[in-house]
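Sequence annotations record features per position, and here TrEMBL assigns domain 'ABC transmembrane type-1' to A:92-271. Here TrEMBL flags A:20-40, A:47-66, A:72-89, A:96-119, A:139-168, A:211-232, A:244-267 as transmembrane segment.
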Amino acid sequence: MFLTDHKLPLGQVISDFVDWLIMNFSGFFDTISDVLSTIISSTTAALLWFNPLALAVIFVALVYIIQRSISLTLFAAAALLLILNLGYWQETIETLSQVIFATLVCIVIGVPLGIVAAHKRWFYEVLRPILDLMQTVPTFVYLIPTLTLFGLGVVPGLISTVIFAIAAPIRLTCLGIQDVPEELMDAGKAFGCSRWQLLTRIELPHAMPSIGAGITQCIMLSLSMVVIAALVGADGLGKPVVNALNTADIALGFEAGLAIVLLAILLDRVCKQPTARGEK
Amino acid sequence: MSAIRFENVDVIFGKQSKQALELLDKGLGRAEIFKQTGQVLGVENACLEIQKGEICVLMGLSGSGKSSLLRCINGLNTVSRGRLLIEHNGTEVDIANCSSSTLKDMRTSRISMVFQKFALMPWLTVHENVGFGLEMQGRSATERKKIIDEKLELVGLSQWRNSRPSALSGGMQQRVGLARALAMDGDILLMDEPFSALDPLIRQQLQDELLALQSKVNKTIVFVSHDLDEALKLGTNIAIMKDGRIIQHGKPEDIVLNPADEYVRTFVAHTNPLNVLCGYSLMKPLDQCKREGHDVCLDRARDYWLSLGDGHSIKAVRRSGDTLGVQRWVPGEPVETLKRQPTVVDAAIRMRDALEIRYQTGHKLILQQDGRVVGLLGDTELYHALLGKNLEKGHEESEVTPLRAAFSQAG
């Protein structure tokens, strides 16, 4: 049949494109890969330099300072001690630094893109399908090219995580800024704000709760990627899960899974906006 | 030089204002222009002069273009055609065609604004909100604190300085808005329906406060309102707008006494004249009163006469041959202590006072100006004003005889 005989070479085109990238820019990708993995591994090393108990105390203190909640602080202490007890401290710290780093990258790229999207209609229109694509294309599909470009290890995991998680801060930053009441903007203009001042004095403060929600979501999405990151060689809590899957080890899988869940709950609660900000 | 001067200002909302302006020049109306071009005609050919220190109220229903016109003054709306001149250091700046740095200058140093829905920043405290514009002026922290404290004191919110706006009632929030605008120390204050979102009692209270404040600070205020009572109470001058056009501009009394057209007349018919009209416009002028020589008739049926001396001074008031005592009332005096006898008042007396004095004394008021009697004010005039009939002067006194009889019997 004609239709099936003349297959469109879509897959081949993408594959050739990736090959071309490797041929011409492998140095560039290697540098990125080296820089990123150095940053992450040194962050991990720095955190692991501390005595685990001392670090746990610092974390618990931070939780209290940020949220001022006794019950949450107690929960944090219990969760960290349990992780220590189960013997997943190093993996947890590795995952934590990956998540933090991925989130930072998402914020640094995502928030400015969100700001531009909120102001430029056409940019938003272009961006929206791309964001939809990034969130819906199965992770494994772009894991393969990132793997070939950046090699095994933590970097392809990080890139995949960023691709998957960056939509949240972009969308919510954009939403938060579009949501600024017209009257507040008028007030800003009437009192002589420049465009930059309008952004920093009115739009960003108003969008802050929304941006905060975006960042929290971003952290959660990054955490959900740890197992997939482990598949391409990233260290962390994903690794024992993958091992457990390969060896059908129920005990190992459960413990590592529990550690991920505890870390997720902890990060979520800590990042949540304090509710009593006096806003309606 | 007037503080603000609109010269043939047109405002078109939309991107191709040129096209819309051409249609406007061909004499097409709002609806037709919208149908053909999709552009909205906000304001059409507005000419208006606002003097320094006056409160000019732009009055009209929603969609009449009053806010659109106001927002041109600080450039929140763009003037599509015409000139909008604002007095600035002895020269006139055309806001419609000025550089963005001039506009920013005017906004930070000359013109401040109060908004209908307060437009306070919810993430800032009251004190930070008041200081918002001051930061834009680039003032130092100590200077800011001094001005903020002073303005919060002025609006009576000092103890709320560290609260967030959401903790305050609507009236208090608008006071913060007012303090924020006053802190800028520009001499033009734009108020876009500032009291419309408040309940009636608070609204009246804030109107009084605004008037009291204005007597202290003496700004040029442009005030937008859809409420004629508010306009009449606050306005030095009122510009009434309809469908983007200014259809009447004048003093509150002029508007009430001489509505320019049927539209204004309907508005006026529903207002409370008590605060607007004064003795001049209410009274029966002396030359229309019945006279016999030097005696002016107050009430023929009861043989009640006012004898005038030289230069229309008061010689005596007689009733059935007896001479009555005459008392004098000046604004500010209590009305309750007046005796039941004829009262002489200044012709500029407010209608509310006149009505009270008439009720208290049971006699007609004798209106004087510079020591000369200029007219009389009795039941007929007062009732007609209340019923909105004051435009049609010269009614026969006998029309309200039954009522007058009721009054005198009660006395």
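Residue positions begin at 1 at the first shown residue.
From the backbone N, Cα and C atoms, a Cβ is placed for every residue, glycine too.
The model shown is predicted, which means the values in this text are computed figures rather than measured ones.
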Can at least 3 Cβ pairs under 8 A be found between the transmembrane segment (A:20-40) and the transmembrane segment (A:139-168), with each pair 6 or more apart in sequence?
-> yes
Near the transmembrane segment (A:139-168) in space but 6 or more residues beyond its ends, with Cβ under 8 Å, are 14, 18, 21-22, 29-30, 32-33, 36-37, 40-41, 98, 101-103, 105-106, 109-110, 131, 214, 217-218, 221-222, 225, 228-235
Residue numbers, six or more beyond the limits of the transmembrane segment (A:72-89), whose CB comes under 8 Å of its CB atoms | 52-53, 56, 59-60, 63-64, 237, 240, 255-256, 258-259, 262-263, 265-266, 269-270
In the same chain, residues at least 6 away from the ends of the transmembrane segment (A:47-66) whose Cβ sits under 8 Å of its Cβ atoms read 72-73, 76-77, 80-81, 84, 89-90, 93, 96-97, 266, 270
